[in-house]
């Protein structure tokens, strides 16, 4: 004559128990005391869904469900006075029958419920939270209140990407995502009237089901966002900032907002080299590289509409916000010329270097970021060249002009006047701006342009006869070389400084040997001023 309730399983966690007025979903097996079944929700493949305490159930069941937890299992004995009484249910339940029910509670909610949010991880830094009209990318596991999994973005290995607060989601999820930080993890519990309602989704979600979403937010932006720049290191000295049209070399680490690395120039041990503001890189990077200094480190945060858009690329998923931590190594403009800064010039500075002069100098060579490339000091000897003869890069030929002995200067050479796009393998990176700190130690004046040998006095009127020592009317290379050597040794003549003696003499001899037979005759032999006069007469 009394209601009997046996709690056969009670879960450890019971955040909520059934109260009158709640709506419940439960499975049951209905049987008589002899064990014969008269009904089962399992056989129908769907839970029994009903309000508790509103007269929609037999009195005994209304009472037995109160206080139950989700996943709790109860064995209920209901006397006929609290069941179907003396009338029973024709063809199913006889009069005055005691009923046994094996009940498993699956779901409980109330029409006054709201979305419940439980945050179980929040990053220390949260510069921005989800607002209405933001676009988010998140992973989730979707379960019912009893823990049954019905969907998971993790299983598809693809985030769920959507706008928030504009009706693209069920209302409860629209509410539950608001205020989240990137990296935050929260559990969002949604009653059915803010989810899929009485009908469910027609697939895996039944009608009147409460939903539980375990969410981790990976990405967040708004279509109105521009790029964001965070300066991490700006050099104290910044004489020049990058502009549209400049060519820049920089290192970077590229990550997603959640910190996932998708690319790094450091891993390739090679800078990324590109023009700025010319469309060679994504729009957000084009903008973010403007106004940087050499040596500067900055973080550039790029929304997807200024990055790789909805489609993404490679390891970058669609609609992803990109974070680039960059370090500017150098930049230049194709219109740049050599830059010269004089640090010291002797008071007596009357002899200036010019084309053809033989120079001895020390230098330290580095990149714009200070990386040392080479130094004559470490070798313990000077670097020696003939200025303007192509023995050094064009920018150095220009940078050494008009310098006096003892002068110290810094010469900055853009790559198109240095080693160009290819650089020097293992020594100078391609497209690198070079910085030379130079001290000129010695200067030997060269000869007038076009001359390899000049006389210090009057030229003998019988020059050919003097060279032709055996007077056979022909001068061989050996005779010519011996004569020139004598003139230099006695101070009567001067060779162009900085060149190999044998090469100069052979070049001079070849110029005189006009028929190329290895001999010079009196008819072939002409001084340079005589050659110029004949050419003038012919013109």
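Yeah, the Cβs are placed from backbone N, Cα and C, and that goes for glycine too.
The range from 484-511, 512-539 that TrEMBL describes as region 'Disordered' is residues 512-539. When Cβ-Cβ distances below 8 Å are used as the criterion, the domain 'EF-hand' (455-490) is approached by residues 501-502, 505-506, 508-509, 512, 518-522, 525, 527 of the same chain, each at least six residues removed from its ends. Counting Cβ pairs closer than 8 Å and at least 6 residues apart in sequence, the domain 'PPIase FKBP-type' (245-332) and the domain 'PPIase FKBP-type' (356-444) reach three or more and so form a contact. Mapped onto DSSP helix, strand and coil, the domain 'PPIase FKBP-type' (21-109) counts 14 helix, 37 strand, 38 coil.
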